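Student: My questions all concern the structure below.
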Amino acid sequence: MSPSISSDAPQRPIHFGPFEVTNQVFLTTPHSFALVNLKPLLPGHVLVCPLRPHRRLTELSPPELTDLWSSVQRIQRMLARHYFLSAPTPTSPSPSPSPTPSTQSSSSPPEYLGSFNIALQDGPESGQTVPHVHVHVIPRIRGCTAKSTATPSDELYDRMASEDGNVGGWQWDHQQSQTRRPEPGGQFPRIEDTDRMARAMEEMETEAGLYRGILNAMEQEEKELEKSGVRKEVESVVPF
């Protein structure tokens with residue numbers, strides 16, 4: 001493991017938005033940190049954040065983005081090793097004393113023995129309650145906390161947009177460092193599958209063409225900025 005990646009206790013205070021979360025942090029990297037939740041939606045539900053308190057994903061530099069998602073992958077592998085190699089009880093964030101071994105081949109990587117929800121609420125309108133970019137990493141344990149096959153919907157998404165998923169509210173209750181308690185939000189309106197009609201190919205091609213045009217305009221603006229000597233930390237994106 002790189003000396004700049006550490007699973008030791010942090011040696012300096014770490015903040016998640018306005019909240020100090022140093023004692024909740026279990027991983028630090030050159031640009032990111034990971035912390036345990038005060039009220040996890042499911043066992044193993046953790047958060048991964050950039051060290052700098054960026055409010056929106058578009059504020060991260062390319063090195064910060066790479067580091068953030070590499071950290072998410074590392075934590076997936078760790079959680080898979082802890083939760084997927086046994087069958088813990090759904091009410092406890094830790095494996096039961098007598099775990100039930102997985103029935104899948106032992107040659108499979110641990111992360112293939114279960115699944116994950118990876119979610120990022122980017123801005124208050126999406127349900128973000130702490131103004132600091134954070135990625136939710138939530139293991140779905142086979143035969144225990146996996147999505148029900150009885151319905152096409154997943155209750156987890158409703159819970160993320162409700163008080164159950166109010167990360168900022170929980171931290172406020174714990175530290176009360178803000179004058180106003182954050183409120184949950186970002187719930188998708190309920191749409192019946194029967195109301196969702198497949199679009200015509202022409203409509204989809206028109207939309208794809210619109211996005212290509214916007215991306216081309218953005219690239220031209222970036223080239224003009226480079227010519228004028230203004231540096232922007234953006235990656236060149238070539239539309240297909």
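Backbone N, Cα and C atoms are what each Cβ position is placed from, and that goes for glycine too.
Automatic, uncurated: that is what TrEMBL annotation is.
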Student: Looking at 57-61, 77-81, 82-86, 132-136, which one does TrEMBL call motif 'Histidine triad motif'?
Tutor: 132-136
Student: Measure from the CA atom of Q121 (substrate binding site) to the CA atom of H134 (active site, tele-AMP-histidine intermediate) and give the result in Å, rounded to a whole number.
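Tutor: Checking the Cα atoms of H134 (active site, tele-AMP-histidine intermediate) and Q121 (substrate binding site) gives a distance of 8 Å.
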Student: Among N37, Q121, G127, Q128, T129, V130, H136, recorded substrate binders, what is the largest CA to CA distance in Å?
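Tutor: Per the listed residues, the maximum Cα distance equals 17 Å.
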